[in-house]
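These notes concern the structure reproduced below.
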Amino acid sequence: LTFPLLSVTLLVSFGSSMLYGYNLAVVNSPAEHIKAFYNATWSQRYGQGLGPAPLTLLYALTVSIFALGGLGGSLLVGLLVERYGRNGALSRSALLVLLAGGFMGFSRALGSPEMVIIGRSITGIHSGGCSLRCAQPLPHGSNLRGFLGLMPSIFICLGVFSAQVLGLPELLGKDRFWPLFLSVVVVPASLQLLLLHCFPESPRYLLIERNDVCGATKALQRFLGSPDVQDVIEEMQEEQRSLSSMEMASVWQLLRERSLRWQTLSVAVLNAGMQLSGIDAIWFYTNTIFENAGIPVSQIPYTTMGTGAIEVVAGLIGCFTIERVGRRPLIITGFCAMGVCSAGITISLLLQAALPWMRYVSVACVVGIIAGFCMGPAGVPFLVTAELFMQSHRPAAYIVGGSLNWLCNFTVGFIFPFLQMSAGAFCYLVFCGVCLLVALYVYLVIPETKNKTFMEISHIFA
């Protein structure tokens, strides 16, 4: 890869993934302020406030509606790219974020909780559309395939960390600032919108999908910094000929394909397990978890920020070691660490009344869950999805995996507050079981895909 081409890849991934990570964590710090706004607005409209259960339900919808928007965006991205191109689709999705920021930023001034919920769903559409585009790894044989495949997870961690920093009481963590805090998404979206116009359309898209040889040549000359790009054009034309003779499988055809049954099941297990592991409960409700663990309220924002810094470090460790240690060790170790730490949270919460120092064990376990997730489960499932399928079945596999990912994200975000109220400390044992079962499945079924072609992986499954 040349530096200009690599920089464009990372730029698009950085903007979209940062926004995704920011939106995951932005509702954590102002949770009580948003609930108070909902309650006050309801009281003004109907003469009485919301009870604890309806208020929890409304806030859980605000948190989890982001995932439903993401599901819609992931299903629409193919149509948008086909019609407007990659740059055009990204530009239009960035415009959606500006609209969402306006909804959330003016929600309190207009006394409308609905605007917060609509804004969250629109940001989800953007993240769903961009996350699949950022997850595409390099072709088989590239020594940067694993590294670039995990880079979006690093940017997501940075987005989460930036939300935790801005949510500090000294910055935007005060009650009067929460609408501004939610609408900060317009800043990276605006930057991405401006920078996208500095780069030409994807040469591969122009030649293979639009058959625009002249446009692809000019774009390659800009990207590669060289007037001689004929060899690359010929390679893409050969790919265009091979793709034109290839029939792309639908989701239904993929699910019915007996020879790919274990690969499809593996994609489903990895993507569902990634979200059902409880990581979204940690990101969405970190402050509540720490409050229940007995951490003093004044220390919670800084403890939360500390976990964000650790997750960035853990993500970097995974990113720089994946091509050395492989995919399986990272994902098995990550899920096992998350399972053990989820059980540790349950034990520490049960014992903290008798042993006050157990609250710090709870914090350590939360850190362990986040670190374990960022080292492997955060990015490897997207990478493995591409490595388990040839080109004809890969889009359908991404639809299956992405849909399960977003649906499970919504499920955890919506039911966790009620699960916590009903099961108390034992709710984390659900996540513990999921993590250990996924780790066992990977150990028994999924082979190592590092430096292997699709045919080699297929023979191992067979």
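Even glycines carry a Cβ here, placed using N, Cα and C.
Copied over from TrEMBL, here are the features:
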DOMAIN    9-450  domain 'Major facilitator superfamily (MFS) profile'
TRANSMEM  57-81  transmembrane segment
TRANSMEM  93-111  transmembrane segment
TRANSMEM  147-166  transmembrane segment
TRANSMEM  178-199  transmembrane segment
TRANSMEM  305-323  transmembrane segment
TRANSMEM  330-351  transmembrane segment
TRANSMEM  357-384  transmembrane segment
TRANSMEM  396-419  transmembrane segment
TRANSMEM  425-446  transmembrane segment
For the domain 'Major facilitator superfamily (MFS) profile' (9-450), mean pLDDT (0 to 100): 82
Contact between the transmembrane segment (357-384) and the transmembrane segment (305-323) (3 or more Cβ pairs under 8 Å, separation 6+): yes
Most Cβ pairs under 8 Å with the transmembrane segment (305-323), selected from 57-81, 93-111, 147-166, 425-446: 147-166
Top Cβ-contact partner of the transmembrane segment (330-351) among 93-111, 396-419, 425-446 (pairs under 8 Å): 425-446
Proximity verdict for the transmembrane segment (396-419) and the transmembrane segment (57-81), three or more C-beta pairs under 8 Å: yes
Cβ contacts under 8 Å made by the transmembrane segment (57-81) with residues that lie 6+ beyond its boundaries: 23-24, 27, 31, 34-35, 38, 50, 88-89, 92-93, 113, 116-117, 120-133, 205, 284-285, 395, 399, 402-403, 406-407, 409-418
